[in-house]
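Lifted from TrEMBL, the feature list:
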TRANSMEM  20-40  transmembrane segment
TRANSMEM  47-66  transmembrane segment
TRANSMEM  86-107  transmembrane segment
TRANSMEM  119-139  transmembrane segment
TRANSMEM  145-161  transmembrane segment
TRANSMEM  168-185  transmembrane segment
TRANSMEM  217-239  transmembrane segment
TRANSMEM  260-283  transmembrane segment
TRANSMEM  289-309  transmembrane segment
TRANSMEM  316-333  transmembrane segment
TRANSMEM  353-380  transmembrane segment
DOMAIN    398-461  domain 'STAS'
Amino acid sequence: MYHYLNKEDWIGNWKNNLFAGLVSAVAILPEVIGFSILAGVHPFTSLFASAVTLLVITLTGGRPAMVSAAAGSMALVMAPLIKEHGIQYMIAATLLTGLLQLILGYLNIHKLIQFIPKTVMYGFVNALAILIFMSQVQQLPGRNMATYIMVALTVGLMFLIPRITTAVPPALIIIILMTVASFIFKGDLQLVGDLGDMSATAPSLALPGVPLTLETFLIITPPAIALTLVGLTESLLTIPIVDKMTDSPSQPKQEVKAQGLANILVGLFGGPAGCAMIGQAVINVKSGGRSRLSTFVAGSTLLIFLFVLKNLMVEIPTAALIGIMMVVAYDTFDFESLKLITDKRWAELAILILTVAIIVYTHNLALGMIIGVILCVLAYKLKLKTLTFETNEQTHTIKGPLFFASRSDLTNYIDQLPLTNNTTIDLSELIILDDASNKTVERLSKKMKQDAVSIITHSSK
């Protein structure tokens, strides 16, 4: 777990990572504070828990540049438990969540991500982009004209500044400019300090004040399981997004274990469970974050805000953060998914739309993912046959449908073949049913050519 010793994860453009960490820390504030109030947790406690989470995943996580904190999706799960049983039971549930995640990490739960079809992944990401945008729009009704002007200016500057300079992340420039403008013009703008009371002392390590009984276990287990599933789902789906944006590999198993360890430590500090925050992870990468340094700076900045620069933090106008997160929502949306329309893949498009609708309507990421996967399986079942393998001397022919559930059969079969210069792999009769399977065939083709093996890949959908 001692991945902080890996120098390669820390090197890079230190200036970009420093600025990205600062931006990420500020971007975390509105969601963490807003949802902590909704759940019934003191904002200071949630921000401190977020800082702890960031520092733990910095040292032990498997995805450099990741951003994890006391996310809104987790707060929604905890709110009923806190309302009915109180904060101490929430703390106990957080500890159990961390323990479950740690165990599942060692049991390789991350491998289940390969069974999620690309269509459902599109739906998850696009639904999250819509939720991020909606959560910002919902803060605007009833605000004054100064707020609307600042939001509009922020959105415009987020697109304009990168055309002028990339030396400093646009979000950081905007936060500074808008905070100064708010101070000079003293308009009636909502500030971060208006979201909740920030006066509190640092929490100390302690066990939750709940009785060690079967009744307690039965109370905290259902929400802990829900927190575990939601947290792992959001974290494991954030990893490939950051992988793609940074064009670099990650270690999902290590990230799962790190999330578990972080939640255990957060629970001992009396804080709420956390997980990856996709919007903030995207803004971290967009701002230049590539290494563990950006995550470390984000966590350290939160602590500095809480204990040194609290008076500065509370003066940041929320209108600037709303505008920034609106652009983050735009950047999060996967426009590649619109190719389903131009390619006339109507079944996949219908599943994508249903997945998005379920997640947006219920705000339940795990439920949307599960239903999306079930719909994909049912859709493919209508036209599926199993893969068949035929061998004629040195020619190996593979026929049938290739999709997310049969990709491993294809790769396992080829892996066990005694490949030589005279071997021919014939994939011309494969029916490729999804984009990920198409990429699998492309990777196999590249590998076979490197090994001087003949491969035929004239496939159809």
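Heads up, the Cβ atoms here are built off N, Cα and C, so glycines get one too.
Bear in mind that TrEMBL entries carry predicted annotations, made automatically and left uncurated.
Within its own chain, the transmembrane segment (316-333) has Cβ neighbours under 8 Å at 26-27, 29-30, 125-126, 128-130, 132-133, 135-137, 139-140, 143, 146-147, 150-155, 158-159, 171, 174-175, 178-179, 182, 189-192, 194-195, 241, 278-280, 282-283, 286, counting only residues six or more beyond its boundaries.
Ranked by the number of CB pairs under 8 Å to the transmembrane segment (119-139), the listed stretches 20-40, 217-239, 260-283, 353-380 are led by 353-380. When Cβ-Cβ distances under 8 Å to the transmembrane segment (86-107) are tallied for each of 20-40, 145-161, 260-283, 289-309, 353-380, the top count falls to 260-283. Of the candidate ranges 20-40, 47-66, 145-161, 217-239, 353-380, 47-66 contributes the most Cβ pairs within a distance under 8 Å of the transmembrane segment (289-309). With a threshold of 8 Å between CB atoms, the same-chain residues lying at least 6 positions outside the transmembrane segment (145-161) that come near it are 170-171, 173-174, 177-178, 181-182, 185, 187-190, 317, 319-320, 322-324, 326-327. In this chain, the transmembrane segment (217-239) lies in contact with the transmembrane segment (260-283); the count of Cβ pairs under 8 Å, excluding pairs fewer than 6 apart in sequence, is at least 3. Beyond the ends of the transmembrane segment (20-40), by six or more residues, the same chain brings 46-47, 50, 65, 67, 69-72, 75-76, 78-79, 82-83, 87, 135, 169, 171-172, 175, 192, 195-196, 272, 277, 279-280, 283-285, 287-289, 293-302, 305, 313, 316, 318, 321-322, 324-325, 328 to within a C-beta distance below 8 angstroms of the stretch. Taking Cβ pairs closer than 8 Å, the transmembrane segment (353-380) reaches residues 73, 76, 115-117, 119-120, 123-124, 126-128, 130-131, 134, 226, 229-230, 233-234, 237, 347, 401, 403-405, 433 in its own chain, all 6 or more past its ends.
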